[in-house]
Structures are given as C-alpha cells and as structure tokens.
Amino acid sequence: MTTKALNPFTDIAPEVQKALDAGRPVVALESTIITHGMPYPDNSRMAADVEAIIIEEGAVPATIAIVDGRLKIGLSAEEREALAQVKGAMKLSRADLAFALAEGRTGGTTVAATMLAAHLAGIRVFATGGIGGVHKGAEQSFDISADLEELGRTPVIVVSAGAKAILDIEKTLEVLETKGVPVVVHGSDTLPAFWSRQSPIKAPLRLDTAKAIAEFQAAREAIGVVGGMLIANPIPEASEIPAGIMSGYISEAIARAKKNGVTGKAVTPYLLSEILDITKGTSLKANIALVENNARLAAKIAVALSTLK
Ligand code: PSU
Ligand code: MN
C-alpha cells in the first residue's frame, strides 16, 4: 500500500507521495482531535468531512497518526475509521512520538507532533481546530503546550480558529512572539476566540487571502526565517457561540479539573470533554464547523504555495 520509505517507521500513503513528488498541494491533519478531542461517531464524521473539503479545494489530505507503531502520513478510510473507534490511544507530542514507534503503540498526534511529522514528509500546510498554549494559572503549574515550542522551530503553516479560552490567550500570544511565530488573522482586525469570531485582542497581523499568506511565507523563506506560522481563521458566522456565553462554561470546566486533580497531558482533553458535557453538544457543532472552515483555508493556502514556484 505504501511507497518510498522515508525512515523505517514511516508509511506515506500512495496518493500523498504522488502529490509530494509532483509538487502538488498537500494539507496535513492532526489526529489527537480524533482520539481525544471529540466523541465517536462525531470524530469519524469530522475526520472524513475535512478530507473531502481539502480534495474539493484541489489539494490532497494527509491525516497523520501512529497506528501500531507506524507513523502514518495519510490514512485510508478504513484506518481513519479504526482510529476514531480505538480505545486507549496515546496522545502524542514531540516528547513521546518516537516512544510509540519503538513500542508499537497507537496514538493521536497533537499539533506539535503533526507539525514534526508533516515537515519530515515535506508537507508545508496543516489544518486543525485549536492549538495548545499557555494554560490559565501557568505561573503556578508551568503548563505550557509543546505546540508553542514546535511552532517556534518547525516550518509548517498551521491553520487554526485561534486558541480556546480554556487557555490564557494573552500569555499564549506573548510566548509565540518570543519564539518568532507570526500570528496572522485571516480577514479580521481582532483575534478570533475559537467558538466566537471576535475577541478583545487585536490581531498581531492581518491578511485577507490565501495568496497573501503564501506570499508572506515565501518572503520568510527567502530571508531564511525558520519556524512555523499560525493562522487564526474566524469561525463561520452561522456557527459561532458568543464569547460571553462560553466563558461561564469554561470557568466551570476549569473548576471541575481543579477539583478532580487533573494535571499534565490530561488537562486539555479533560477540559474539552467537560465543555462538551456542559454545553450538551452545541460546542461540538461549532467545533466541527470551524475545523471544516480551517481545512478549506489550509487547502487554498497549499494551492497558492504550489503555484508560487
Ligand atoms: N485544542 C482544541 N482541540 C484539540 C486540542 C487543542 O481546541 O483537540 C488538542 C490538539 O491536538 C493540541 C493538543 O495539539 O490538544 C494540545 O494539548 P496540550 O495542551 O496537552 O499540549
Ligand atoms: Mn500541557
């Protein structure tokens, strides 16, 4: 089923390899959102829909995951469905990605691990929902996502809907700035807040088209700036939930996490699932809509990048 071995652990799906060889646009997709971010069967439907959207826009989707110790760059429909249903998958970041390979484990890749793997395969654009960042209370817990470190070092464009308000957004932006990561808001002067289109925070940078984003990336490469770029793409209007409504739910989820002593890698998945529970699924609908919206923009950026050279 797979072609050219990149290293002894990696399988690149044939259609992905063909596109990469021909310089055609490819968009990477993460899988922690499948294994830890949404319940079954919504996760399965979302994972299939985003791939279809990327194809519709003229690019090739590559969902990245670890299956039985293989680093998969592109999953077949069967593999994707199996991952959506698997129990006990690991949540893998830079620190433990290779552990899962060495030990023959199965896991979802976070934004950090997906960027790393995408870059390894030569994929330049990646679509997700939200990135990890600086958690509220990080001055005590030191809980800062490895996603930020990866954005600082790995040259992949990550299309998100901003960062969830489960995080300290201001501190997240400060860390990104320190690490030299441009934060570009697509078509708006304020940073989107995941479920809502607007936030009180000013957009660090603004660009209105996929072509402009591709040209910015080309300029970074031309002067040898290495590292990722974060695109914040506002959720479609029809699907947004006002920030004021979400903030009460978020505080409740954080209170539950504290009360139950949730720490470390478990924090983000726990908060996401509690918010889902508290909002009785309305946040899930918004979440799916924004991921699909991001997949569309990511595909357009990948297409624009491929026509630049
Ligand atoms: N934010 C979301 N949905 C997600 C995640 C973050 O809105 O599914 C996932 C992503 O895979 C992200 C990871 O990379 O959580 C961050 O985890 P941590 O905070 O433990 O680094
Ligand atoms: Mn963390």
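Backbone N, Cα and C define each Cβ position, glycine as well.
Marked as active site, proton donor by TrEMBL: Glu30. Summarising the environment of Glu30 (active site, proton donor), the number of other Cβ atoms within 10 Å of its Cβ, over all protein chains shown, is 29.
Per TrEMBL, active site, nucleophile is recorded for Lys164. Around Lys164 (active site, nucleophile), taking its Cβ as the centre, 25 other Cβ atoms fall within 10 Å, counting all chains. In the three-state DSSP scheme, Lys164 (active site, nucleophile) falls into the coil class.
Residues or ranges marked as substrate binding site by TrEMBL: Lys91, Val111, Ser145, Ala146, Asp147. Applying an 8 A CB threshold to same-chain residues 6+ apart, the list for Val111 (substrate binding site) reads Glu30, Thr32, Phe126, Thr128, Ile131, Gly132, Ser145, Asp147, Glu150, Val158.
For Asp143 (Mn(2+) binding site), the same-chain residues that are 6 or more apart in sequence and have a Cβ closer than 8 Å to its Cβ are Val134, His135, Gly137, Thr263, Gly264, Val267. DSSP gives Asp143 (Mn(2+) binding site) a coil state; it is part of no helix or strand. According to TrEMBL, the feature Mn(2+) binding site maps to Asp143.
Within 10 Å of the C-beta of Asp147 (substrate binding site) there are 30 other C-beta atoms, taking all protein chains into account. Under the three-state DSSP scheme, Glu30 (active site, proton donor) falls in the coil class.
The record assigns Lys91, Val111, Ser145, Ala146, Asp147 to the substrate site; their largest pairwise CA distance measures 13 Å.
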